[in-house]
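These notes are about the structure you will find just below.
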There are 2 protein chains.
Amino acid sequence: MAPEVFAEIDPPQRLLMGPGPVNAHPRVLRAMSADLLGQFDPEMTAYMNEVMALYRPIFGTQNQQTFLVDGTARAGIEAALVSLVAPGQTVLVVDFGRFGLLLGEILARIGARIETVSAPWGQVVELDAIEDALKRVRPSLVATIHGDTSTTMAQPLEGFGALCRKYGALSYVDATATIGGMELAADRWAVDVVSGGLQKCLGGPSGSAPITLSEAAAERIFARRHVERGIVRDDLDDGEGPRIGSNYFDLAMVMDYWSDKRLNHHTEATTMLYGARECARIVLQEGLENRCARHRAAGRAVTAGARALGLEVFGDHRHRMSNVTGLVIPAGVDGEAVRRRMREDFQIEIGSAFGPLQGRLWRIGAMGYNAAKHKVLITLGALETVLRAEGFAAPAGVAVEAALAAWNAELSA
Amino acid sequence: MAPEVFAEIDPPQRLLMGPGPVNAHPRVLRAMSADLLGQFDPEMTAYMNEVMALYRPIFGTQNQQTFLVDGTARAGIEAALVSLVAPGQTVLVVDFGRFGLLLGEILARIGARIETVSAPWGQVVELDAIEDALKRVRPSLVATIHGDTSTTMAQPLEGFGALCRKYGALSYVDATATIGGMELAADRWAVDVVSGGLQKCLGGPSGSAPITLSEAAAERIFARRHVERGIVRDDLDDGEGPRIGSNYFDLAMVMDYWSDKRLNHHTEATTMLYGARECARIVLQEGLENRCARHRAAGRAVTAGARALGLEVFGDHRHRMSNVTGLVIPAGVDGEAVRRRMREDFQIEIGSAFGPLQGRLWRIGAMGYNAAKHKVLITLGALETVLRAEGFAAPAGVAVEAALAAWNAELSA
């Protein structure tokens, strides 16, 4: 019997207003339909070099080592940590949500000694608390999340990298949920390594992780260089440091691949690279400041609209992410029933929450191509209807107007 | 100064007749332009289930655990090995080329005890030699490459898995270079784990690694289950075994993600999944037997044409891959000059070689969408012109005819 082949691809056109993934910009998807190139074709390596150049301003850096890891955002995190941290080394984790826990989880598997400085979900960690921990722990690396979508909080990073350097530590920031939507300033923050993903504010599909590394970080990693036996070359000396625990995530080899040395490591995911390149072009054509302002306007509009509906906005208001907003599910309302009606009646996806916030929050994202005035307004209008259908007395007609006013106030300010 | 954004994507239309990547089937690229879905959207999880069903016949298996690893083919290899092998366990590596060395390289980083049974580049390893090693070494896993593009050899696998089981070992096969082009028979071979990639005979872009695992392999991995703290659930018990050394490649969590449990691990690379799904649909619509026959015809045609040009075909002829053919560079001919003229004058890419074969071979692939009669003929015609331009006395007009005759003989047989 012939195996079933199913129908051609034809997903429903959902409006993805959750914490990500969001709808990709159509230009990104079109760029991904370009024909493939051989991995060492001069046209391909030229595209790789352009990708490096395009992501430097997005990370706010001049770092030479700025490239893509072939995997989802989580692959970028693990590549950074497994390459930077040898077993037994001490790492200070700044933990204020699920993704802080993830850093610890990955580091435990690497065999790092993990120390943590935490804040409750919905708050961020004070720089003073980080400094106290640095003094006490003397880590070789400090790792933090920038925007943790699980709590919708954004850790302030002004002064963060410089503080780590003061105590002799390198620093790592996971910017998956903020890259392309909130300012990244790797050089000004003096942060050593920042990684991200395409599927949130960059407006692309999941599956490629942009990353940038300072010279100090690259040096630490090259000290652990160990080229595969099958492709050993005279011009690449192995380092003295302990071998990196992963081949795929060995950023020494990946950096050699992205350099003029063109070491033959993995086969670059060409189509994802085309997509990542187009995401970056769109960001830079819009301009980073305009783009951050647009995300800020979207966040203000969601917040204003939600409050007009009578909903409480979650978390420490001084440190909320602009691009994902947590709304407290009112007592007596079935959060999953609301999400289902949003999806089935309006083709709009909004997010639920994890861990201690599970069942307590909805999360509304307005990111990348979806950080658009009309999409925020449509979402709030739909939410108003759905809330009333689920028995919550949302006032009629005020949320959309409040959101529109907030959007306009922000962008004309 | 505004950062440079470069031009829109517009790669030259190369004909990729090297060892991969090759040109993707246009249907695959078009499928990848479909709009995104949320990762737990019922339409998305339905696509995930379809992908599982589509890849079972391609792997020749009924294994429930058949899914995608989000990364290039090498990510699939590392995910399999790091999940199957704990530090200190003994693995027997069947090594007959660069990718056999890669298996050892990855295993060394995992901390495995590695034993090797080798053949010189251009040969394969006899089953008897594997049995001798099994008796001597008593490994917990035997790992091999199916088709090693570095040497163009295909390891025979009839009886391989059963032999491993006889000595209490699980077995792993890397089928990156053969999946969708040469027969895979995971169940008949009694092999426990097989992984692949899209960018060769499946006719897709690099960046997604299909994998299948037997119940025994899944059991061994679930014994090492350790769910992340941020997403712990009552219905997922941790195993007793040592924690898997990678979070991203933890196939226990990835299997829980692809099951009805829908554990929130990474954010599935949706666009790559659409592409992987379309690759599989195309393969099954053509039919596996027809597809293997087409790749065989292409390989016979390349071989016949190359010999008619006066070139020597590399390797043990009983065990050559059908989809990649090694041609010995004749004395006095500059191999790289030939490749450059092929690219610049004909927009055709053919491959060079690695390690001990560097500078000694060209490698011509005819895979997936490019395992087509006219593409093989065009390539041989171009090679004839280029060889003469580089001073090699290739006879005029005979290679294309010989290739055409070989193609027709194979497909009418």
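Think of each number as a place in line: the chain as shown, counted from 1.
Every residue, even glycine, has its Cβ placed from backbone N, Cα and C.
DSSP assigns B:Arg363 (substrate binding site) to a strand in the three-state reduction. The substrate binding site annotation in TrEMBL covers B:Arg363.
The feature domain 'Aminotransferase class V' is assigned by TrEMBL to B:40-221.
Here TrEMBL flags B:Lys200 as N6-(pyridoxal phosphate)lysine. Taking Cβ-Cβ distances under 8 Å and a sequence separation of 6 or more, the neighbours of B:Lys200 (N6-(pyridoxal phosphate)lysine) in its chain are B:Pro19, B:Gly20, B:Pro21, B:Val22, B:Thr149, B:Thr176, B:Ala177, B:Thr178, B:Ile179, B:Gly180, B:Gly181, B:Asn323, B:Gly365, B:Met367, B:Gly368. A coil conformation is recorded for B:Lys200 (N6-(pyridoxal phosphate)lysine) in the three-state DSSP classification, outside any helix or strand.
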* Within 10 Å of the Cβ of B:Arg363 (substrate binding site), how many other Cβ atoms can be counted across all chains shown? -> 24
